[in-house]
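Quick look at what TrEMBL annotates:
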{"type": "BINDING", "residues": "85, 289, 293", "note": "Zn(2+) binding site"}
{"type": "TRANSMEM", "residues": "62-80", "note": "transmembrane segment"}
{"type": "TRANSMEM", "residues": "100-122", "note": "transmembrane segment"}
{"type": "TRANSMEM", "residues": "134-152", "note": "transmembrane segment"}
{"type": "TRANSMEM", "residues": "329-353", "note": "transmembrane segment"}
């Protein structure tokens, strides 16, 4: 569980203390840049979030609420990721729990993105449709399902031994099927610890064209690259080609860059390049997870710029034609997301301690 494909050296002790983990931020290990490539952006996004708060009338400017939720969520997932990479070497169970929390943060960010996209980015032709009305609700459902499958994917074999029954055995068989297909094509499944950045493609526009490419070739249970069984999402695989005049603005280029950077990050991570071509050469600097982190942050930056532009340039049209999200809708979505995601995390974390050690070791090796 502590070893990654193509990474030979630079691992920390698998039972490090919390102090040793913190000190490793200032030591050269194969996790050091994984930590800093999200820790530094966390402070950058926090600075932008605080700056936006200072110039916003939070109590009275309801049009800005979705933006604030999105910007707050964009601070959460880099912090959770950097903490997961920092403390994941304390023990096997600690590693799993760290990434459970990481998955939850990623899915919370996906909800924040959905709220912002619903408020500012939806194509003209889809505004006020049934799909638009239930978009945020579907995003909440996704966060619960995706977080649960993401946690489950770390040890399906172990959970199968705990008496989950035929339904869970069926789910396990489904995951094994995906695992077999993925291994035959890329050999990358066994070292997928904390996902690829295709989660946000669920609500990612190419320009203003809504696209759902990640669902075609997902790795079940991974919060960035898969784990989206929602029937509603399955019905949204085709492209939505409803740009509309108000959607054609300067934000389009940023949306396209966001898409390109997200796909690049996904490719680098899933292909384990460049370390797969030269094992041991990129253990400390330049391996795929570091490149993945950089691309994800750049993608988030592009996404944030696009949302800010859409919010500003489409404000007059949206206020005249779109039903704004109410505070109760936004707060309710966040609350449900937190309840469902934390319930998943608590359940799967507790389940770790009910798994016999030999079975857990078997899964991890």
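Sequential numbering from 1, following the chain as shown.
Placed from the backbone N, Cα and C atoms, the Cβ positions cover glycine too.
The number of other CB atoms found within 10 A of the CB of residue 293 (Zn(2+) binding site), across every protein chain shown, is 24.
Neighbour counts were taken at the CB atom with a 10 A radius for the binding-site residues 85, 289; the maximum falls on 85. Remote same-chain residues near the transmembrane segment (100-122) are listed as 63, 66-67, 69-70, 72-74, 76-77, 79-81, 83-84, 132, 135-136, 139-140, 142-143, 146-147, 150-151, 154, 194-195, 199-200, 202-203, 205, 208, 223-224, 247, 251, 255, 303, 306-307, 310-311, 314, 318, 322, 324-325, 330, 333-334, 337-338, 341-342, 344-345, 348-349 (criterion: CB distance under 8 Å, separation of at least six residues from the stretch ends).
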